[in-house]
Amino acid sequence: MDDSPTQQAQQGLSYTDNLIGTLLAIFGSVIVSISLSVQKYSHVKLAGTKGQRTFNQTKTWWSGFVFICVGEGANFVSYAFAPIAVVAPLNAVSVLTSSILGFLFLREKYKANDFAKNHGLAFLGYVVIIGGTYLFVSFGPNSHEKLQAENIVKHIVGWPVLLYLLLEIIAFCLLLYFYKQRSANYLVIILLLVALLGSVTVITVKAVSGMLLFTLEGSMQLNYPIFSVMFVCMVASVIFQARFLSQACNLHDPSLAACVNYIFSTVSAVVAGAIFYLEFQNEDVLHICMFLLGSALCFLGVFLVTKHRKNAKIFEPYVTMDMANGVPTIHDNGLVVQPDFNGSFSYGALVNNDGVAPATLPVNLEQPAVTVRGTNAPLGQPNLKTE
């Protein structure tokens, strides 16, 4: 018991650091959500005007951009104070804030029954996220290591980290092979690539932010080669992670992609922190179980919130003009969304084809027959024959 005062002082310092890191992460997530809503409002407002201004010429969009920088800066600094296992799951706060802001900006009026039907799951998700956040923050790892360059190198050369990095590289190469060479554009494969890159991102972000904090405290860490290595890996992983995530949102439903990405990225980040920085080394079984329960509740809450955000795509009939025969065709079944430009001039297409010259119809076309996809004979054919 001789070192009891020292241990208590270290625990108190770790608790203070964790609290600072947690508050910074929550603040950053909220600010990023607000800034994205502000930028979206700028796009919507600009789309309703007749001017020729682009979005980056509006003060609203730039104010949102400034808020994004502030929020991401707070998230970056939070890794220097709190463990990865505490900071990474707090991305659920961003989902929660974005959903609440979207709900407030809808300005729709519902009756009590309609409100419960349309927003009941979302509000249940809010409660579950708040409860899960409280659990994993309260029972998360409380150990915090001052990340000097020597300590980071010591972590890297350990055999558990080397084995972990080797397995991660092999898994990433296999997934990338199936995605690029086999055209396996499945959501799970793309988001697993994002999660593997995300694990590298959180490791390098914590290392870089920790060394920067140590430098500000008076011990220069920027002249060590490990700082340059970690910084380059951080930038590269962030760029490719954003690229794969953008492809996932373009190929699949964005709400589903956000939910699955949060689960995969959080799991990979927690595992990376546990292996690389030994964040759960001094934790007992009860704290670990409660932390896992809180994380699982956040997963469920994010699923409920994003499930509410999914909107059913209602099919609307549309008309296309066949360039060869000049025959308008009414499509009343088949495709869910209108097709892109593929050689025929279409009305109401999703792609802006303002630069495409319209099709020239035959001059001697007197009464083109209107056909319906899925039928054999044109509508109103008997009426075309007159005595």
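First residue shown is number 1, and so on along the chain.
Note: Cβ is positioned from N, Cα and C throughout, glycine not excepted.
According to TrEMBL, the protein carries these features:
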type     : residues : note
TRANSMEM : 20-39    : transmembrane segment
TRANSMEM : 60-82    : transmembrane segment
TRANSMEM : 88-106   : transmembrane segment
TRANSMEM : 118-137  : transmembrane segment
TRANSMEM : 157-179  : transmembrane segment
TRANSMEM : 186-214  : transmembrane segment
TRANSMEM : 226-244  : transmembrane segment
TRANSMEM : 256-278  : transmembrane segment
TRANSMEM : 284-305  : transmembrane segment
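Against the transmembrane segment (60-82), the recorded stretches 118-137, 157-179, 186-214, 226-244, 256-278 differ in Cβ pairs under 8 Å, and the greatest number is found for 186-214. Counting Cβ pairs under 8 Å to the transmembrane segment (226-244), the top-ranked stretch among 157-179, 186-214, 256-278 is 186-214.
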